[in-house]
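Feature annotations, courtesy of TrEMBL:
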COMPBIAS  289-305  compositional bias 'Polar residues'
COMPBIAS  317-326  compositional bias 'Acidic residues'
COMPBIAS  327-345  compositional bias 'Low complexity'
REGION    284-345  region 'Disordered'
TRANSMEM  20-39  transmembrane segment
TRANSMEM  67-92  transmembrane segment
TRANSMEM  99-120  transmembrane segment
TRANSMEM  132-154  transmembrane segment
TRANSMEM  161-181  transmembrane segment
TRANSMEM  187-206  transmembrane segment
TRANSMEM  394-427  transmembrane segment
TRANSMEM  439-458  transmembrane segment
Amino acid sequence: MLRSMLTELRRSSQLQWTLFSVVVNMSLTLAIWIGIYHMEVNSELSKMYFLDDSFNWTTGNPALDGLINGFCTILVLGCVSFVMLAFVLYDFRRIVKSWLTFSCLLILFGVSGQTIYDLFSQIFDQNDENQFILTVALTVIPTVVYGCLGIYAFLANGSLLLHQFFVVSNCSLIAVFYLRAFPKHTTWFVLWTVLFWDLFAVLAPMGPLKKVQEKASDYSNNILKFLMFAAEDKRESAGMDMAQDSQENLNDERKLRKDVKELIQLYSKQDEKDDEFLQKIRQRRNAINPDSGSTAHSPMVTTEPSPIVLKEKNSDEELFDNESDTTESSSESSTSSESVFSSSDVSTAAECAPEEWNELIHQQNEFDQNDATVTAADALNDGETVRLGFGDFVFYSLLIGQAATGGCPISVGFAAFGILFGLIATLTVLSSEESTTPALPLPVICGTFCYFVSRFLVDSIQEFWG
């Protein structure tokens, strides 16, 4: 297993870039958590929502407080997930998009602005009016710039690298917010309860994430920018191969239209009064719709075609008749699609007005474009792009930030190694193209295990040499 993991790691540039992004995310979290907040919990924020023995709202047992806090946190997360699932299942698409957009803007302007203010409030004396104004100015300007660039990355056609940057930075800001809100021992319980929640949400038949994926075909792949980190830019081309494969089986209508158009262009250059030409066109019309009557002036019919059973052609038939058989077979299969081909859609330029002919061409172009639309389901099932959810980044950083509160840099390094090892194993050994694999459980297990084992060894060595 280790050999296959190393081989895949050396081969896949996407996997290498994903691991690098996770490392940057954890490093940025530590920089903010240690450099700005000095690993101190916001007691006012904790007192509002959680049990803790540092104030009167407690059970008296720190472990029990942490367990209750973790359970309540997952309960809230589950309620929010199922509410979002209800909106998705009942096609409240505007509410879903508005929810995701509002959450993104709240992080871009709200959480980032608070973090920047906390940074400059430590540098300048807030009791001095001039320095207070300077603090406000230095907070507003970077926040506006950061937020506007974030809007371009998430809501506009920003570059992939810019989107990845904001995914990493936003997830770090959220992780630090949780670190400041959770009491001392709560984070470990939250991490392990989230671990089981992630397994249920992704793998269980009624899991919210699994049910949401079943509705992914109803949304554009652009919505994934609010939910996932993509190691490679497949937003424009993800799922195109799959869409082309489905077109080969399901778009006989388009093939038939193309064949008929080519036939019209071939013979429209000839003399329409040529008896042989008119006879062959009428034969083609009768093969498509035997119930229609022939006209003396139009080589094509203008009625809805009816399905027919084709007879095998003799080997000595003309090439044109063989070509007709191929097109006729396509017309039979097209009757199983949602839209039925109408021969009224096809005419020669001489038989209809220029406006009508241009409208037919325009409709055909729209038909082609709609077939090529890439949905969120296509992007998720492309089997090529390495993707991680925003929550994965957040909880990786949450684990590292909590490990840092122990005051042992060696244990923090081992925790980071455990996270990366678990992530590599998840993306190389456990993942498959047929289904989504939870990327949170194994990294959290490995990271927690490496942290506590290394912490025990370090403490034992210090006691031995102490």
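Glycine too: its Cβ is placed from the backbone N, Cα and C atoms.
In summary, the transmembrane segment (67-92) does not lie against the transmembrane segment (394-427): fewer than three C-beta pairs, each 6 or more positions apart in sequence, are under 8 Å. Taking every recorded stretch in 20-39, 187-206, 439-458 and counting its Cβ pairs under 8 Å to the transmembrane segment (99-120), the highest total belongs to 20-39. Non-local neighbours of the transmembrane segment (20-39) in the same chain are 115, 118-119, 122, 164, 167-169, 171-173, 175-176, 179-180, 229, 231, 388, 393, 396-397, 400-401, 404-405, 412, 416, 419-420, 423; each lies 6+ residues outside the stretch with a CB under 8 Å from one of its CB atoms.
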